[in-house]
Every structure is written in C-alpha cells, then in structure tokens.
C-alpha cells in the first residue's frame, strides 16, 4: 500500500536543482534509480538507469540508506519488498501503471482458482498482491529464460501482459494460460504508420518491445526489453532505427550513439500517446521535493512483503 501524503511546501525551489539534488543525495546516503522511460533530466541525474530487471537487481544490492525510485509505483514497491529497512521514496504517488491496474487481486484470485495445477509466472509490472499470488516473477529481459526452465509437463499461468505472454509462448513453444492485461502505451502503436515509416526509411531497422501487439512485432527486425533494444542499437552497424517502445529510451540511445538516427514509432492518433503518462508524472522538481521532505514514502505490510518477496527472489536466482 502507499501513503497518501504528497510533498508539501513547493515554494522556494533552488535555482540549480541538479546541484541541490546531489547535495541531498550525499546528506541522505541516497541512491537514485531511474527507468529508461523517465524524462531526460531525471535520467541524467540518476545513479543507475535501467529496465525492470536491472533496477530490481540494483535495489537488491544497494548499500544506500534511501532509495529514490524515479519510475512507477510497482517499481518502488518492489524496491521496498527487497529492502524493508530502507526508506523508499517515489516522487509522485500518482505514477501508476495501466498494466498493473489491469490485474486486480480479487479478480486474479478467482482466475487462478480455475487452474489449480498451474504455477503462476507474473510479469514484474504488477502489484505486491499479485506478486504474493505468484510462484515466480519475470521481466521482459528474462521471461523466455525463466519459462524455459520450467519442466515441460508443468502448466503455466502467465500474467498480467497478454502481449508479452503471447510472445513468450511463441519463443518457448509452451501453451500458456494468459491473463488479458496490457500496456496502454505499447498497444497504441500504429502498424500502418510504422510501415509508412519503413517505406520512407527503407534502411531502418524496426526494434520493438514484446509488450507491443503481434501486428507490430511481426514487422520487427529485433524484439527485446528496453536494455536489449538499447544494446542492439548500439552494437548494430545500421544507422537508422524505428523504435517501438516508450520514447524515453531514445535519450540513452542518442547519448550513446549520437551519429545514429532513432525514430519513435508513431501512435494511432496524432498525439503523444506513445509517451507513458504515468512515467512522465515524475519531474526534477518532484524528485528534489521528495528527497527534501522524505515523502511520499512507500510502505507495505510485513505479511504481504514476505509473500511477495519469495517469487522475486526466485526470479533473481533464475536470471
């Protein structure tokens, strides 16, 4: 669960937020973890930038006393599950996740009860309550690897992302029972507009996140997690890429390979719908305020934390 108190006293912000945040980080012995989908200025001040797997691994081993999570609430909650004695802060408590919200604990409990012989592998983009009902957690980086380690005779429920589940099923040859959840960002990409971009840039490689719909993935030259997409684009000899995931990742791509062209995949409508509205709620100002005021703090009951911890630990062991 989350506190409901937002940072107060937003006046008198320092002129140099970067310097002020660095000073607070030293005072608090804090680490700033940021997802690739965060605004570029937050990425630039973070101690570690990564995908869900990398951020979980960093959270599990950080010596810092305070974890400032520039991401969405299930990520900060995961950090708290792994670090019950540390102060975990989230700049904006409204930074939720459409995918996590698509899987309500009561509904999932009824769904799970229909398949008593199945184990549950849940994508990390879910609440602590869903994690507690799971046997193993996975990320887009390791989902295929984890499913491949499950004995062939063992049936599997995969939740909550149907698109990632479908992709994992295709890659592993396993029949998975899928929860029908999805990410609003990765389902907004337009197949037609991506094809039009490819026609305009025939030399471009299409790279896509497996949360995208099958209609988009079938055009992709490479499919992978955000970290995998970044690494592929940097190692490839190609110079132009159409990027079908949240465009925040392009900041790191451009920093690492300024000579290359990265084109964000367009949405169905003429809007900024390919940007995650929840990730973008975090700002440099809110990052400073949450560190200054030490709130909003992420809290979770010990009983729920212990239940949610085990499947996360299994993931880290199997990765």
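A Cβ is built for glycine as well, from the same backbone N, Cα and C atoms used for every other residue.
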Record-annotated [4Fe-4S] cluster site (Swiss-Prot): member among 276, 290 besides 97, 183: 276
Annotated companion of 52, 123, 124, 125, 140, 209, 210, 211, 226 at the iminosuccinate site, Swiss-Prot, chosen from 35, 153, 201: 35
Residue among binding-site residues 35, 209 with least C-beta crowding, 10 angstrom cut-off: 35
From binding-site residues 125, 209, 211, the one whose Cα lies nearest residue 183 ([4Fe-4S] cluster binding site): 211
Between residue 35 (iminosuccinate binding site) and residue 276 ([4Fe-4S] cluster binding site), the C-alpha gap once rounded to whole angstrom: 12
Secondary-structure category, per DSSP, in which residue 123 (iminosuccinate binding site) falls: strand
Chain-mates of 97, 183, 276 with C-beta within 8 Å of site centroid, [4Fe-4S] cluster: 72, 98, 99, 100, 125, 184, 185, 186, 246, 278, 279
Nonlocal residues around residue 97 ([4Fe-4S] cluster binding site), in sequence order (Cβ under 8 Å, 6 or more apart): 72, 73, 74, 125, 183, 278
Euclidean distance between Cα atoms of residue 276 ([4Fe-4S] cluster binding site) and residue 123 (iminosuccinate binding site), Å: 18
